[in-house]
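One structure is given here, and the rest of the page talks about it.
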Amino acid sequence: MEVPFLIYRHRLTHNINDNSLLYAANKNSVASIHKLLSCPSTNIFERGALGETALHVAVMADNLDAAVALMDAAPDLINEPMTAEIFQGVTPLHIAVVTQNINLVRHLIGRGADVATPRVTGLFFRKSLRGLVYYGEHILSFAACAGNKDIISMLIDAGASTRVQDDRGNTVLHILVLQPNRTSACQALDLIMARDAELDQLVPLDMMPNNRGLTTFKLAVFQHLVNKRRVVQWSMGPLTSVLYDLTEIDSWADNMSVLELIVVSPLREPRRILELTPVRQLVNLKWNMYGKHYFRALLFLYLLYIWIFTVCCVFRPIKEAPENYTTNPNDKTVMIQKTLNESYVTHADHVRLVGEIISVLGAVVILLLEIPDMLRVGAKHYFGQTALGGPFHVTLISYACLVVLLCVFRVCSVQAEAEVMAMCLVLGWTNILFFARGFEMLGPYVIMIQKVMFGDLMKFLFLIVILNFSTLMFSSALWMVYMTQEYGTLNEYSSYASTLWVEFEINLTLINMPENPTFITALIVYVVQVAYTIFAFVLLLNLLKAMMCATRWRVAQERDELWRTQVHARTHTEKLFLSIYIRAIIELNAASLLSLRMNRTVNVLFVWYACVLCFYSPF
């Protein structure tokens, strides 16, 4: 816990000798301190390079005798904060609680150290990109992060409030859950909550939100707090019935619930909460009761919709091209798009019109469903987070926009339907993969495809761009040979541009090395081609295979976790679109099936959860 002050101690050595009082405090020389303080010319408030006083130096060096001498002779130093921008607001008591020097803490409090007012606002301790550690601002939060229960109790007994909040609205509990030492943090959390419970406050300490609306429960230490809230209803042999409080967990009435935060969080750690009781049972209940049925019904509707769109594209209105349509002899176009007036004449055209209307309305509905979700979560997380669908949202929105554009082209008789339709069909059928996420066997593999396509392949393509310089290098080497040969001897190498293209195709193994048996090939050509094949093809292809194998192994390790995250994300999204009436029916059914108890005053749900504690029963 002394890490935050290592830089401070190092910086002291550069200026400690320049000030006699600071030097005496650092060396624990009580006699020198008394002698200096008796001298009228001594400035007791003289500070070092970081704005530290002599008392700060003594406390930092754990020099109890020097610190007591300074406190007795100059009590005004006890509450003096450091003034440097990096350590602004640090008092001697802040340092003492972090270094866990109980004797120093006792002497400081006994001599009037303020345990409630001082606040640390220095850049070193601020929660930001520039901040190195985050212990909050108040002395109690520093002590809690240090983890010494005796010091915590000592501060609370001296008047430190357990409900202080920093400039972010974080309480001591919020700050504790961000610390890396979970064991120490949980012990300090239990002690502070126990002492706070003695005050009989209306709102429990762990229910106090910060400025972002997050409580300690939503922020971290989930398993520890959920176990503290559970109530054992009865126990019989190896069976135990436990009531779990779902307040702040279920997203039904709380837009900032734990389940909501799991969906929008870009980090992996929150996903692990889905493996804990009772969240795991809650998510499975929702998915099995209505989530999977709704999702598969949506799959059926989308298949029907995309088939209708495909049929409309296959039977799109076209007519024979006029004789003077083109003057280019290489243009073999025989059919062209009809105008708007010609497109809807026959009965078959009217039937196709119905399908086209369905296609356009479906695209509009897709946009109306996707855009609000994107605005709610944020474009970066919405398109980049695998659990929410990631790139499938890009393809779905792109498809919908292109269908709307296709409608505009049809109305304006723009001769570019074929290109837009082709893109729509590719994107529309690609979205079928999204619905494979609703099946436990296929879901993780869809994520694997996403990660390979948008992770490994993107990296590989960037690598190819870089290694294309090797293609340029080897192509230039080959061109040095073929530029001296008769034009047409080997058409693939008839120009420098064609040489570049052929070498690129060889790199991707699309073609073999071009040869002409009537043409004497120089030995250097074979040498260059073999070197190019080994360098560009063998190395690159095996690198791609290695990356894909690593991705497959990683996804396989997270298979269950990814599946559960997908289930929760889909269930959560589906619930947003259900009507109030349907949701009420579902809640009533869930209550009757699971004997849920609902407290309407505080919207607290309890789930009956019976867990088998061993594999056999003694009865």
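Glycine is treated like the rest: Cβ placed from N, Cα and C.
Keep in mind it's a predicted model, so treat the numbers as computed, not measured.
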353-371, 581-599 - the range that TrEMBL marks as transmembrane segment: 353-371
Residues of the repeat 'ANK' (135-167) by DSSP state, where helix covers H, G and I: 17 helix, 0 strand, 16 coil
Arithmetic mean of per-residue pLDDT over the repeat 'ANK' (88-120): 90
The repeat 'ANK' (88-120) - residue tally per DSSP class, helix then strand then coil: 17 helix, 0 strand, 16 coil
